[in-house]
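One structure below.
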Amino acid sequence: MAENGDNEKMAALEAKICHQIEYYFGDFNLPRDKFLKEQIKLDEGWVPLEIMIKFNRLNRLTTDFNVIVEALSKSKAELMEISEDKTKIRRSPSKPLPEVTDEYKNDVKNRSVYIKGFPTDAALDDIKEWLEDKGQVLNIQMRRTLHKAFKGSIFAVFDSIESAKKFVETPGQKYKDTDLLILFKEDYFTKKNEERKQNKMEAKLRAKQEQEEKQKLAENAEMKSLEEKIGCLLKFSGDLDDQTCREDLHTLFSNHGEIKWIHFVRGAKEGIILFKEKAKEALDKAKEANNGNLQLRNKEVTWEVLEGDVEKEALKKIIEDQQESLNKWKSKGRRFKGKGKGNKAAQAGSAKGKVQFQGKKTKFDSDDERDENGASRAVKRAREETDKEPPSKQQKTENGAGDQ
């Protein structure tokens, strides 16, 4: 009985040895195995067993030349030849590698299968054992993350389209107690591309919805801002002196109301003042302080507290001007940021003191002029999606290609 058990163990070992060596020299692996391809060029295809036993998976099975030779001599595949001195092996010249044509690639693709649902700690041997009675599998590629962790899915190449189809169409397949997702490899990539397109569309829709929500919030904030400023606009007009400036207005109302913004340029005949509080109160106080005759540089002026739609439109324009001035200030700040003492632009800026904020019809604190400079914007280029199967990622292993 013990002898029968030993014989069974040896037969199982020999089968594994044959399977592993025939995989190394097989149609799928050999064209991709750079190291082995270099070896077979050295001696008419012969590779010393001394080299072969350095391949990790074969090494774990045996390093005994006699065991390897005995196993190959019993193989029904008749793929391998053994040298007369029994120290070298090679793929039989009578069974040349298939030419890698588009037709051949398409054939391999049609018998390639995607399987998902394995535990992430599953070993290749576990998966090979599970596939043993599912048809002849020529290659197993364990799909991994960038950090080499197993993703729980594989690509398996069957020996024929028929066996691959039979496997895919077998219902209710499980690995242990886990249901498996099984698809042809081509169908898997089609499904993934459809999912990517769907995700892209959903992302665009979410972005659009978020943008609309932001726009709505901005509009609500703008309306709230407008409501807070209702009654705070005072328009002035008349045959104003050409030298009339914002400082004149600040001086005129300095003790009667806090000015937040002046919409006016030197030489214009009208403008608008935005007060922090109600404009009528500031106007009444200023008139009272000037005996009812409120002038600018000894020129008669018509003063009008804006109301209704005219007021709202004027407020919107002022808010836009404020934002434009703020953006230009931020842009100029970025350009000057980090300038050294030797920089001419920095020296010029430091000589003038602080930067003044004034563009067309806009003003914060002074009447000095400044250049109008816009900020450049970077444009992101969208990545193009493809419906085609991406180039295969070669898994680096002990002998070059594949996981098997």
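Note that the numbers count up from 1, one per residue, in the order the chain is shown.
In case you wondered, yes, glycine gets a Cβ from its N, Cα and C as well.
Residues annotated as compositional bias 'Basic residues' in Swiss-Prot: 329-342. Look at Swiss-Prot and you will find 343-354 tagged as compositional bias 'Low complexity'. Taken from Swiss-Prot, the feature domain 'HTH La-type RNA-binding' applies to 7-99. The feature phosphoserine is assigned by Swiss-Prot to S92, S94, S225, S366, with similarity to another entry given as support. Summarising the annotation, Swiss-Prot assigns N6-acetyllysine to K116, K128, K328, K341, K360. Annotation source Swiss-Prot lists phosphothreonine at T120, T362, citing similarity to another entry.
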Inset, instruction - Taking the Cβ of T120 (phosphothreonine) as the reference point, list residues of the same chain whose Cβ is under 8 angstroms away and which are at least six residues distant in sequence. - result: A149, F150, K151, G152
Legend entry - DSSP residue counts for the domain 'HTH La-type RNA-binding' (7-99), split into helix, strand and coil: 47 helix, 9 strand, 37 coil
Inset, instruction - For K128 (N6-acetyllysine), name the DSSP secondary structure in the helix/strand/coil scheme. - result: helix
Legend entry - S92, S94 as modified residues, winner by CB count within 10 A: S92
Inset, instruction - Provide, as an integer number of angstrom, the distance between the C-alpha atoms of S94 (phosphoserine) and K328 (N6-acetyllysine). - result: 78
Inset, instruction - Report the mean pLDDT of the predicted model across the domain 'HTH La-type RNA-binding' (7-99), rounded to a whole number. - result: 93
Inset, instruction - For K116 (N6-acetyllysine) and S92 (phosphoserine), determine the Cα separation and express it in whole Å. - result: 36
Inset, instruction - Measure from the CA atom of K128 (N6-acetyllysine) to the CA atom of S92 (phosphoserine) and give the result in Å, rounded to a whole number. - result: 26
